[in-house]
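Annotation source Swiss-Prot lists region 'Disordered' at 1-22. Annotated compositional bias 'Basic and acidic residues' per Swiss-Prot: 8-22, in sequence order. Residues or ranges marked as transmembrane segment by Swiss-Prot on the basis of sequence analysis: 76-99, 162-185, 201-225, 309-327, 368-391, 407-433, 455-477, 551-569, 609-630, 674-696, 734-754. According to Swiss-Prot, the feature [4Fe-4S] cluster binding site maps to Cys593, Cys602. Residues or ranges marked as divinylchlorophyll a' binding site by Swiss-Prot: His685. The divinyl chlorophyll a binding site annotation in Swiss-Prot covers Met693, Tyr701. Residues or ranges marked as phylloquinone binding site by Swiss-Prot on the basis of sequence analysis: Trp702.
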Amino acid sequence: MTISPPESGEKDKKILESPVKADPRPIDFAKLDKPGFWSSKLSKGPKTTTWIWNLHADAHDFDVHTGDAEEATRKIFSAHFGHLAVIFIWMSAAFFHGARFSNYSGWLADPTHVKPGAQQVWAIVGQEMLNGDLGANYNGIQISSGVFHMWRAWGITNESELMALAIGAVVMAALMLHAGIFHYHKAAPKMEWFQDVESMMNHHLAGLLGLGSLAWAGHTIHIGAPTAALLDAIDAGSPLIINGKEIATIADIPMPHQLCDPQIVGQIFPGLASGTGNFFSLNWFAFSDFLTFKGGLNPVTGSLWMTDIAHHHLAIAVLFIIAGHMYRTNYGIGHSMKEILDAHQGDPILFPAPRGHQGLFDFMAESRHAQLSVNLALLGSLSIIISHHMYAMPPYPYIATDYMTVLGLFTHHMWIGGLFIVGAGAHAGIAMVRDYDPAKHIDNVLDRVLKARDALISHLNWVCMWLGFHSFGLYIHNDTMRALGRPQDMFSDKAIQLQPIFAQWIQNIQSSGVGTTLLEGNGVSQVFNGETISVGGKVAMTGIPLGTADLMIHHIHAFQIHVTVLILLKGVLYARSSRLIPDKASLGFRFPCDGPGRGGTCQVSSWDHVFLALFWMYNCLSIVIFHFSWKMQSDVWGLTGGNFAQSAITINGWLRDFLWAQAAQVLTSYGQSISMYGLMFLGAHFIWAFSLMFLFSGRGYWQELFESIVWAHNKLKVAPTIQPRALSITQGRAVGVTHFLVGGIATTWAFFHARLFGIG
């Protein structure tokens, strides 16, 4: 029972009375002048060119810097503040560009005709051509980050507010940098504080998520929603009247501090002026004008209702504040994670592990890599979920009709999700090699999974083969039939139908369920019920029909996802040992081969599985974003004449009607304001091709070449003092996959932007 009284003496723990150690590690500026100071070997400086690569590989590998887990954890904690500082500086730069160089006011006044821009190119060598006409007498580079739409949702109405945010973000960055230094050098937390996971969960749930959502709900209720109501009324041509004055322009909108005056805001939302008496008397219906449950999209802006968003964040806040009181800390009540896990037994037939989840709490609490792995897997999955919500339920005003921004945000969150999930596999592998102690995991669920790994991997391999041959086979069949002039024998909506009946059922229950649930919304997202919302003559959202083409490409998605998982899971389950290399754990997380004399043992390290999974992740997500791009252009935005259903059922159709037809804009971009995307398209192809040099050739080839070049230098008496050394096998693969991914991503970036900017 997890709410049992505390063990004798449990309340007497003094961790919180002294959670930090004072002055544990004084600042040593001499170290900063010595690259690789954490390693006696690296700190001696370079003898060969391998030194710089080892420096990169180990700079952030705190495990190898010191054998002290507490010290490594403190470095991670301090680095988090550094990361937050970088984020605040990045945010400040965005705010500053918005305040100083953008056309935000012009866009805010006419968001359906003016395009967002936040950068103007200086006419130094004639590149001012890149400044396109974005409307309202502004020439600049069109942006697709969605910040203008987000700022409007926040309630920002002028550049002065953006400049204040820019200054505030820089101040926050300085505070974060100070905090990072302070909590490593002056007052560093003790290991007991890091290990107090119940306190951590309570504070993260109630503080970060609960109070964070409550604060945002407060801002949305008092500033965001009233400002949005005034702006929406202006855009709809029926401005509101406050204190007898018509709010006809943005300049007429009250300042944020004025909106906190009940007398003013009560004319927009009477519920906001009704006082707190209704709250304490449980007459919450009085607040239903600014805490709504409308559902669907605002027809003026094509986005979610701001009052729905405020209600959502208030509900989230309540949930997480309650959740933040769930775990047992000082008061002897609540859950203990260790007790929950130690007591948990799996199904006796499916998961007959005699010791259940015993040992998992300690493994998760002590292994930073295990924690990071789980967090990356969850956050990566969440990012992919977000990418779908961004277009189906567009949260920011007018973002749904900024097609490049919709496509860009979908693509961005997909890439982030994929990288995080591969990162989860990487750190799970590191955890198995460095942190897993088999003696502590005898017959628990982790041990049983490792013992069943052959069955798991062989079955997963069979699933991959089945999905691959069948899904690809459908395309081969269709290409063959179309090539032979037999459309009646193709899998298509007009011939042999393969309808995605389960997906269609899920779509239907979204709309049929309205009015039958406990929380009765007034509508449902247009993505499900087939209605069309147009804003400024452009489709913001309409029903998305699914057919044979979607079923076929979805099975390609399933195939590629399963292969990515197969590679990652094999890398984790065989990280410590395999039949081929029983002592793999002693070789570490990354190694090229199992030494000389053991042929056929290369590319078996856990790191190499991550390397291979990155390619599959990249290919998988390329098909996902291509599917999304073409589907939206064809069936929602009305840009390609609805050709997806008939063209996407053959490989030739994908090559001809998607890649080739839609590359017209980037290939003919020279001489236009989008010409930089043409240059980027070529340059990124070069970076991608450059990667193949590292991926296709071995270390010996290059070392042999270097020996010849060094000989020539010696003859001329210009030999380098640092000996040239070919990249190691692992280093070469790392450089190769990095350029492969960067080149591929930047190529796609240029392709998408030129396409949607080019057709306006």
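Each position is counted from 1, following the chain as shown.
Including glycine, each Cβ sits where the backbone N, Cα and C put it.
The structure, with features from Swiss-Prot marked on it.
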residue : record                             : CB count, 10 Å
Cys593  : [4Fe-4S] cluster binding site      : 17
Cys602  : [4Fe-4S] cluster binding site      : 13
His685  : divinylchlorophyll a' binding site : 15
Met693  : divinyl chlorophyll a binding site : 13
Tyr701  : divinyl chlorophyll a binding site : 11
Trp702  : phylloquinone binding site         : 17
> Taking 3+ C-beta pairs under 8 angstroms (sequence gap of 6 or more) as contact, is the transmembrane segment (609-630) in contact with the transmembrane segment (734-754)?
Replying inline: yes
> How about the transmembrane segment (368-391) and the transmembrane segment (309-327): do they have 3 or more C-beta pairs under 8 A, pairs 6 or more apart in sequence?
Replying inline: no
> Can you tell which of the binding-site residues Cys593, Cys602, His685, Met693 lies nearest to Trp702 (phylloquinone binding site) in space, using Cα positions?
Replying inline: Met693
> Say you check the Cα of His685 (divinylchlorophyll a' binding site) against those of the binding-site residues Cys593, Cys602, Met693, Tyr701; which is nearest?
Replying inline: Met693
> Which three-state DSSP class does the residue listed as 'phylloquinone binding site' fall into?
Replying inline: helix
> How long is the line from the C-alpha of Met693 (divinyl chlorophyll a binding site) to the C-alpha of Cys602 ([4Fe-4S] cluster binding site), rounded to the nearest angstrom?
Replying inline: 19
> Is the transmembrane segment (734-754) packed against any residues at least 6 beyond its ends, judged by a Cβ distance under 8 Å, and which are they?
Replying inline: 144, 404, 407-408, 411, 415, 611, 614-615, 618, 622, 625, 629, 662-663, 665-666, 669, 674, 677-678, 680-681, 683-695, 727
> About how far apart, in whole Å, are the alpha carbons (Cα) of Cys593 ([4Fe-4S] cluster binding site) and Tyr701 (divinyl chlorophyll a binding site)?
Replying inline: 17
> In whole Å, how far is Tyr701 (divinyl chlorophyll a binding site) from Cys602 ([4Fe-4S] cluster binding site) when you measure between their Cα atoms?
Replying inline: 17
>> Under a three-state reading of DSSP, tell me whether His685 (divinylchlorophyll a' binding site) is helix, strand or coil.
In response: helix
